[in-house]
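To keep things clear, I will list the structure first and then write my remarks on it.
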Amino acid sequence: MPTCAPIGTALLTPTEMAEADRLTIESGISGWQLMSAAGRAVAGVAAEMVALPGPVACLAGPGNNGGDAYVAAANLREQGFAVRVFALGDPERLAGDAAFARAAWNAEIEPLAAFEADQFSLIIDGLFGAGLSRALDGEVANCVERANACRTPILSIDLPSGVAGDSGVVLGTAFKARRTISFFRAKPGHRLEPGRSLCGEITIRPIGILPDVLQTIRPRTFDNDPNLWGRALRWPADAGHKYDRGHAVILSGGASKTGAARLAANAALRAGAGLVTVFSPASAVLVHAAHLTAAMIKRCEGASELDTHLADERLNAFVLGPGFGVGAKARDAARLILEKARALVLDADGITSYADDPRALFALAREAGKKASETRLVMTPHAGEFKRLFPDLASSEGAKLEQAREAAARAHSIVVLKGRDTVIAEPGGRAAINSTGTPWLATAGTGDVLTGMIVAQLAQGTPAFEAACAGVWMHGKAAEAFGPGLIAEDLAPMLPKVFGDLARLMDET
Ligand SMILES: NC(=O)C1=CN([C@@H]2O[C@H](COP(=O)(O)OP(=O)(O)OC[C@H]3O[C@@H](n4cnc5c(N)ncnc54)[C@H](OP(=O)(O)O)[C@@H]3O)[C@@H](O)[C@H]2O)[C@H](O)CC1
Ligand SMILES: [K+]
């Protein structure tokens, strides 16, 4: 099995980043050194975006984000660019490192009201970064809207001003940047929508903060990439056989709703489950038989037949929901599977079946987890399904990361809250934000395929959080590999390429 770096790529909230600064400064590197490095890095990216002599506008706010902008302005001037600085508030009131930075600029500072966006070849946004504390309004909001309305490219320092670093939520209004440069590690706001889209291309540069500080900070949020879960992923053993790779079961709906189960079944096989069986009502067995080849089919009419089949302990991971139908039959199936502490991916109708009594599901998940000493339930809701089980959490606007985290703790399960910025959260508080995928994934049946990719990892014995993360990542990578024109059936055939790339990536790390 390939090996991979043990820790994930951490995403730091503004509070954690401030702690990283503090610990670094404590170790002997000054705040001014950090700001100088940050400002120089900003100037470097700016010089990639605009030809000499510019002109370049630097917008400087009242805190250290503004400090970075003054350093960048001075550096660009040294390179020969024509630079004008526009400040929000009274620059005489800047304190600490930002006051040093203003002194280093040592030239005219104009008020923000004098800034005219269309007179420049580049705008550097140094109004607010990690210290954003409230909605943009008045003069600042007006300036942002004027800049967004013209075609001048914007380079944002740390975050587009107006985007909250911990959630990606827009407070009032925000710059729409062509590029964003941030330092040391990215923040959740760089990955979560709408922040992610407003950042444009993101560059993360080291500025002298020592990675060791992460041992003290112990971040809980990560990029969903193989650094996080690669070591935990099961690969076929050299002398292994198919039973070593688990037996996944997909529960099918009735005769007119069988496609979803087959999408999941084929994806589960391609994603590495040793065996896959579709449990089908009698009325749908022949429909499946006409389409399935490597996947097996077994009649399963209802609770008592399912109970009988569950006596076979090799059936270790299940998908329930896609095309299954909403109601007591789904609840009975989920209960039987979780009572036997088998791994369960619950999606679509399976989730909706618990809309009236989510706590019954959470209790089953808690007991299954206790019995197996590991999380057994993975839920894969989109925003609408999430709201059915967690109406109170869904009403807290925009804070997707915290919603998923809270839901996972409450439901004793892995919650995969889907979207362009899918969040995967576990009950213990660890969460990952996914960035793979393309807009073409917004098409019928792709969610069914995702359940197959996750159940395949569960069947092989990968722990539930890592199984969900890996499934989500692969799903996105498969879409990227296929490109435009994608439909759900195209995803599983891309997995051989995705696994090949993954193996190479992990060999390199
Ligand atoms: N390790 C690093 O990443 C480093 C980053 N650096 C840069 O520092 C900033 C963070 O600096 P900070 O001073 O903490 O915060 P900001 O500059 O982002 O903003 C704080 C000031 O802005 C005022 N504020 C906040 N929101 C608004 C608003 N909506 N309207 C008006 N004014 C606002 C805030 O006022 P308060 O009243 O809330 O106090 C502050 O005055 C980081 O983003 C990086 O760019 C360092 O250079 C080096 C290390
Ligand atoms: K900014």
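Any Cβ shown, glycine's included, is placed from N, Cα and C.
Note: TrEMBL annotation is automatic and uncurated.
The (6S)-NADPHX binding site annotation in TrEMBL covers 64-68, 129-135, Asp158, Ala260, Gly323, His382, Asp448. DSSP assigns Ser133 ((6S)-NADPHX binding site) to coil in the three-state reduction, outside any helix or strand.
According to TrEMBL, the K(+) binding site annotation covers Asn65, Asp125, Ser161. In the three-state DSSP reading, Asn65 (K(+) binding site) counts as helix.
Sequence annotations record features per position, and here TrEMBL assigns AMP binding site to Lys418, Gly419, Arg420, Asp421, Thr422, Gly447. Note: Thr422 (AMP binding site) has non-local neighbours Asn224, Val416, Ile433, Asn434, Gly437, Val472, i.e. same-chain residues 6+ apart with C-beta under 8 A of its own C-beta. The DSSP secondary structure for Thr422 (AMP binding site) is coil.
The domain 'YjeF N-terminal' annotation in TrEMBL covers 17-215.
Sequence annotations record features per position, and here TrEMBL assigns domain 'YjeF C-terminal' to 225-502.
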Binding residues Lys418, Gly419, Arg420, Asp421, Thr422, Gly447 (AMP) - maximum C-alpha distance in whole Å: 14
Residues among the binding-site residues Asn64, Asn65, His382, Gly419, Thr422 that border ligand 1 - Cβ under 6 angstroms, in sequence order: Asn64, Asn65
Pairwise CA distance, Ser133 ((6S)-NADPHX binding site) versus Asn65 (K(+) binding site), rounded so that it is a whole Å: 13
Cβ-centroid neighbourhood (8 Å) of the AMP site, Lys418, Gly419, Arg420, Asp421, Thr422, Gly447 excluded: His382, Leu417, Val423, Asn434, Gly437
Listed binding-site residues Lys418, Gly419, Arg420, Asp421, Gly447, filtered to Cα within 10 Å of Asp158 ((6S)-NADPHX binding site): none
